[in-house]
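A.B. asks: Here it is: the structure, laid out below.
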């Protein structure tokens, strides 16, 4: 006799329901076991040396205010978030602290307010890869930056660069991985599918998930790399122009501006180190030998001169002092050209602003604004490539030289245009000798911005952390 012949209907339904619950529970358990773990301390036991060296990036506590060092940049980014504040990057340990604390992300009161999109988390946390897996790319990118503040809580770490769920990783191998689908697509565009790359290329590509140029596109403001026409400054400039893309409209000149992110990968590729397959980890994450003979990759990403014998000395025969002098001289050359370009571009912005006031038309201004756009894009591309004076100084100097040329083109046209409007005297530039004076010249209410940010950090962020702790307690 079959079960259905002797089992009553209520019992049958109850049995079926119970079996479904058991099945759902087992599936959920399997999903939880397979979930990407964004917590860096979850890998301390199996990878102690790597974990503790990564945690040592917390030693870079000092914050360097780049706008105070160079107030020109306040004017160059007028109307954009970087004019509010721009601090030099610290260690990976502080990635989340820094993006939460910067004035650029504003002081959102709820998940639907604030100036920035969700994409601004994309390079800051392994939680990004987790959320994309769980919700899809649209489910991650959609909305404002504050929407998933309680989900993005672990700083840059293990699951950003490694397949931490793989058997190889659990056995002690690095098992490098691209953890953002938009990065995989970008490498496919330039014919460098990650799975087909050499070990050295993979080591560089993993870093290129973040140390790279990108922009926000579409209704969700999703991250995309502008590599469709190539990876040089000129290639990407053509790409952006073809799309008629702009990051913002300059508050003084009204030029349609581009903001370079941090194209370290692109400039490295063009420099002597990249061309000779000397990759990021060779200089910034060297293999080191412990007293007991154990060899591991040091995850305290930092200045190669701090570990000279394990980095530079592996290839170079010069002394540490000799190499430091070479690098310092290159840095000085790049800095000098940087300031030269800034002087010209700042003047062009104010002269363009004066032209508008004098009655210039959009048709008259269009070629001038395009020159300003190109000049500042090239300046920004060079200076935003952290360490470019070491990675590719010749690229930096060439690109900055073209920035000066484009700015000169704009100013030459402006002189002629201003003359037709009856303005023949030099345009006066306000006092921008300090960060505060430059921000005041733009009418920025810094006292209010800082007060709003403090309120956000005191009231909103603690709620994010509390919700995250409750969620992660279930892992």
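From the backbone N, Cα and C atoms, a Cβ is placed for every residue, glycine too.
As listed in Swiss-Prot for this protein:
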type	residues	note
BINDING	92, 207, 210, 211	heme c 3 binding site
BINDING	120, 123, 124	heme binding site
BINDING	158, 161, 162, 299	heme c 2 binding site
BINDING	213, 214, 259, 261	Ca(2+) binding site
BINDING	214, 262	substrate binding site
BINDING	273, 312, 315, 316	heme c 5 binding site
BINDING	280, 283, 284, 391	heme c 4 binding site
REGION	38-57	region 'Disordered'
SIGNAL	1-29	signal peptide
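Help me picture where these features are in the structure shown.
C.D. replies: Following the DSSP three-state reduction, the secondary structure of residue 211 (heme c 3 binding site) is coil. Sequence-distant neighbours of residue 211 (heme c 3 binding site) (same chain, six or more apart, CB under 8 Å from its CB) are 262, 263, 264, 265, 280, 386, listed in sequence order.
Residues within less than 8 Å, Cβ to Cβ, of residue 124 (heme binding site) and separated from it by at least 6 positions along the same chain comprise 95, 96, 99, 152, 155, 156. In this structure, residue 124 (heme binding site) belongs to neither helix nor strand by DSSP; it is coil.
Secondary structure at residue 161 (heme c 2 binding site), as computed by DSSP, is helix.
The Cβ of residue 213 (Ca(2+) binding site) has 26 other Cβ atoms within 10 Å, all protein chains considered.
Taking a C-beta cut-off of under 8 Å and a sequence gap of six or more, residue 214 (Ca(2+) binding site) has these contacts in its own chain: 223, 224, 225, 226, 261.
There are 20 other CB atoms within 10 A of the CB of residue 312 (heme c 5 binding site), with all protein chains counted. DSSP gives residue 312 (heme c 5 binding site) a helix state.
Annotation for residue 284 (heme c 4 binding site): spatial neighbours 301, 302, 304, 311, criterion Cβ-Cβ under 8 Å with sequence separation of six or more.
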A.B. asks: Provide the number of Cβ atoms within 10 Å of the Cβ of residue 158 (heme c 2 binding site), excluding the reference atom itself.
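C.D. replies: Excluding its own Cβ, residue 158 (heme c 2 binding site) sees 23 Cβ atoms within 10 Å.
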A.B. asks: With DSSP as the reference, give the number of residues of the region 'Disordered' (38-57) in helix, strand and coil.
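C.D. replies: Result for the region 'Disordered' (38-57), in helix, strand, coil order: 14 helix, 0 strand, 6 coil.
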A.B. asks: Which one, from the binding-site residues 123, 207, 280, 315, has the smallest tally of other C-beta atoms lying within 10 Å of its C-beta?
C.D. replies: 315
A.B. asks: Taking only same-chain residues 6+ apart in sequence, whose CB is under 8 Å from that of residue 161 (heme c 2 binding site), what do you get?
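C.D. replies: Counting only residues 6 or more apart in sequence, the Cβ neighbours of residue 161 (heme c 2 binding site) under 8 Å are 176, 177, 179, 206, 207, 209.
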A.B. asks: Around the recorded heme c 3 site, report the further residues of that chain (criterion: Cβ within 8 Å of the mean position of the Cβ atoms of 92, 207, 210, 211; site residues excluded), sequence-ordered.
C.D. replies: 123, 156, 208, 209, 264, 280, 301
A.B. asks: Among all the protein chains here, how many other CB atoms are within 10 A of the CB of residue 299 (heme c 2 binding site)?
C.D. replies: 22
A.B. asks: Given the binding-site residues 120, 312, 391, which lie close to residue 162 (heme c 2 binding site), meaning Cα to Cα within 10 A?
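C.D. replies: Among 120, 312, 391, not one has a Cα sitting within 10 Å of that of residue 162 (heme c 2 binding site).
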A.B. asks: Hey, of the binding-site residues listed (92, 259, 273), which one tops the CB count within 10 A?
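C.D. replies: The residue with the densest Cβ neighbourhood is 92.
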